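Engineer: Take a look at this one; I'll ask things after.
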Amino acid sequence: MYDMLYNLINVVFGFNWPTWLISLIGHAAVAAILFAVAPFQMLFLTYYERRAIARMQDRVGPNRVGPEGIFQPIADGVKMFTKEDIVPKAADRWVHLIAPCVVVAPTMFMFAVVPWGPGMVPVDLNVGLLFFFAISSISAVGLMMAGWASNNKFALLGAMRSVAQMVSYEIPAILSLLAIVMITGTLSIVSIIDAQAGLFINSVDLPGVPDWGLGWFIFTPVGFLAFFCFFIAALAEGERTPFDIPEADSEIVAGYMTEYSGMKFGLFYLAQYVLNFLLCGMTAIIFFGGWQGPGVNWLYSQAISPANPEGMWLFNVLAGVLGVFYFLAKTYFFFFVMIWIRGAYPRLRVDQLMDFGWKFLIPLTLVNMLSAAIWVGLTRWGAAEGLAFIEGWSAGVRWGVAFALTLIINLATYIMMARIYAASQAARSRLELEELRDLAAMSR
Amino acid sequence: MNILIQVIFGLLSALIVGAAMMAVTVRNIIHAALWLIACFFGVGALYLLLEAEFIAVVQVLIYVGAVSILILFAIMLTRQIEGARHLVTGWRLWVTIAICVALFATVLVPTLLSHNWNVPPPVIAEGSDLPAEPLAGAAELGRDFVFVYLLHFQVTGVLLTMALIGAIVIAFEERARRRRVLTLAEEHALREQKKNRGTEEQENR
Amino acid sequence: MTQAIPLEAVLVVAATLFCIGLFGALARRSMVGVLIGVELMLNAVNINLVAFWRYLEPGFTGGLTFVIFIITVAAAEAAVGLALIIAVYRTWLTSNVDNVDSMKG
């Protein structure tokens, strides 16, 4: 893309600008596009969520503004803009003002490494995956600032809850992704997507598989357990039901957003929906192949790319459109699953949330990393690494043994962990009941 | 290109030094922690400028995402946000300033500037104006952690486990000693109980 | 990159940061303030190590591993230090360094 820009400016127009200026212009253009796309996603997702949840609750949802109510988010946005911006007298003015920006900025940063289609990535960082999660952890600081600066008990409680939740659930999220990183051997998001070509089987582990773009990690036991843990952690990171404790409106009003109004409140909303979109997108990218799907790779092999400079530009467009379609379809599907869970499950309590993260998800992800190590050893290692006995096996046999072994390990661990966890929770609730009974006896 | 890098470096140094100054001098300790976060962020950006991508990301992940959050939590749990005297006063302040300035002006800077660092000349690749140096990245780092620095790596793991256990043991408050916050209903029940006891005593009299 | 900025410039920034951190660690009265100063000093050391790695041994991972170890130690130190602060606050109801002096002879 920057080569094209370079050609256009220096060769066609003959301006002879220095390369750094051109790359600056190119990056600025991409950033501008992303800044336009992010709020648009938020507008669409609010409408989507309200309509979907309305259907689940046997209502109609917003249907007055425009055909089927599709302009409702715009009307809401106008309302937000025109509302009065109230700052509490006792608030810490500057921190109160900066907090929404600190929450929104990281979500915009995170778009920098998300690939939308084949060859359509703003920056292909070597450490893209880690970058994504490092940046997402910054918004916790913003939440803390918002909660503290508001000088309001509910806001502070909500901020403490949300930060504790985000920090604890970051660990299972990153650990479950580490299993995938071990299998692919790279932290670059683009390479992780490239590794998912094939047909129900990864073409890296089993060469010679037809490339239909369906070699997603979800079809392996390691990937499935990682997806299970990651999606739950993503629900907690994005503060979705059943983990919407920080803004549990029946307990602490609106959490850290209590003292915000007008556009600052809108910014928090924007950050939340964009974060949810990105987490769904990341789920789709890591476990469901991102833009991979039947046909995309074939189209892209005909297009202009670094590997094939003599391609047709038409195929670029086609591959891009199809890739973005697959990516967005998967992402919106996961957002639908989030709404579905919101419609189906009640909210957890704070201590239950912490228990679940630390005592159930983290052990499960650690065992999953062991499975990933076994997978890598069985499918790729040989005599050089000290596994001489699998030297003679064919790729198919290796793959089958690895699949069976990791499946057994993961399934056994899951069943065992679920039993232990259920027993401990039952014991705990029994204790709580006894305590309550004692209290009742005391007050009688 | 060089001018751009120099401008960015200047801005980053200004951010780092300015934020650090604010972090150690502002009265409000929460503001100090927020300035500290700004400083961490500047340092992370400086790592990016020095082409240490992995370290930069780790800096943001650990310092901005975890350590500063921990500090903010500790401030909020100890509720000592604004003290009347946030710095030491009198002669102690002047001695402290003197120590820091003396260290900076007479030891660190002269040594840094006078020492011959033997920086190797940049390797210029053929046909390109950008130096093609063999930069160690995340992959090399991971390999060396397993093959060269394995013992150190495991010792750090043990250290982290010890820190985790130690922090829990130190900060743990036994359930029995914990001050229980009563719910509104419980408070009401207690009040009723006291009232009843009072009336009973009156009746007994 | 290495031609644009001399190594000394990066080192001077790190030295400044170190001295500011030292000032914070010595002059602050609240324990959290002292901890902030110590974190600044550790960051200054990290900048030094990364700069040495980049300018002197870019192909060798030794400098980077040092940085990772220091970050780990800093995280552990912060966790234990803040646990101590909370424990001290619970006992003395203060988190100022000067007020915790019951061991004074």
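A Cβ is built for glycine as well, from the same backbone N, Cα and C atoms used for every other residue.
Nobody curates TrEMBL annotations by hand; they come from automatic prediction.
Pulled from TrEMBL, these are the listed features:
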type	residues	note
TRANSMEM	A:20-48	transmembrane segment
TRANSMEM	A:94-117	transmembrane segment
TRANSMEM	A:129-150	transmembrane segment
TRANSMEM	A:171-193	transmembrane segment
TRANSMEM	A:213-236	transmembrane segment
TRANSMEM	A:267-291	transmembrane segment
TRANSMEM	A:311-339	transmembrane segment
TRANSMEM	A:360-378	transmembrane segment
TRANSMEM	A:398-422	transmembrane segment
Engineer: Count the CB pairs under 8 A between the transmembrane segment (A:213-236) and each of A:20-48, A:129-150, A:171-193, A:267-291, A:398-422, then give me the winner.
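Structural biologist: The stretch with the most close Cβ contacts to the transmembrane segment (A:213-236) is A:171-193.
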Engineer: With pairs 6 or more apart in sequence, are the transmembrane segment (A:20-48) and the transmembrane segment (A:267-291) linked by at least 3 Cβ pairs under 8 Å?
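Structural biologist: Yes, these stretches are in contact.
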Engineer: Grab the same-chain neighbours of the transmembrane segment (A:129-150) for me: Cβ-Cβ under 8 Å, and only residues 6 or more beyond its ends, written as numbers and ranges.
Structural biologist: 88, 91-92, 95-96, 98-107, 109-110, 112-114, 156-160, 162-163, 166-167, 170, 173-174, 177, 181, 187-189, 192, 237, 246, 255-260, 268, 271, 275, 278, 282, 286
Engineer: Of the stretches A:94-117, A:171-193, A:267-291, A:360-378, A:398-422, which racks up the most C-beta pairs under 8 Å with the transmembrane segment (A:311-339)?
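Structural biologist: Comparing A:94-117, A:171-193, A:267-291, A:360-378, A:398-422 against the transmembrane segment (A:311-339), the winner is A:267-291.
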Engineer: With pairs closer than 6 in sequence left out, are the transmembrane segment (A:94-117) and the transmembrane segment (A:267-291) joined by 3 or more CB pairs under 8 Å?
Structural biologist: yes
Engineer: Sequence-remote contacts (6 or more beyond its ends) of the transmembrane segment (A:171-193), Cβ cut-off under 8 Å?
Structural biologist: 113-115, 121, 124-130, 132-133, 202, 204, 217, 222-223, 225-227, 229-230, 232-234, 237, 285-287, 289-292, 357, 361-362, 364-366, 368-369, 371-373, 375-376
Engineer: Counting only residues 6+ away from its ends, which parts of the chain sit with a Cβ under 8 Å from the transmembrane segment (A:398-422)?
Structural biologist: 201, 205-206, 220-222, 224-225, 356, 359-360, 363-364, 367-368, 370-372, 374-375, 378-379, 390
Engineer: Residues sitting near the transmembrane segment (A:360-378): Cβ under 8 Å, six or more positions beyond its termini, same chain?
Structural biologist: 169, 171-172, 175-176, 178-180, 182-183, 220-222, 225-226, 229, 232-233, 385, 387, 390, 398, 401-402, 405-406, 409-410, 413-414, 417-418, 421
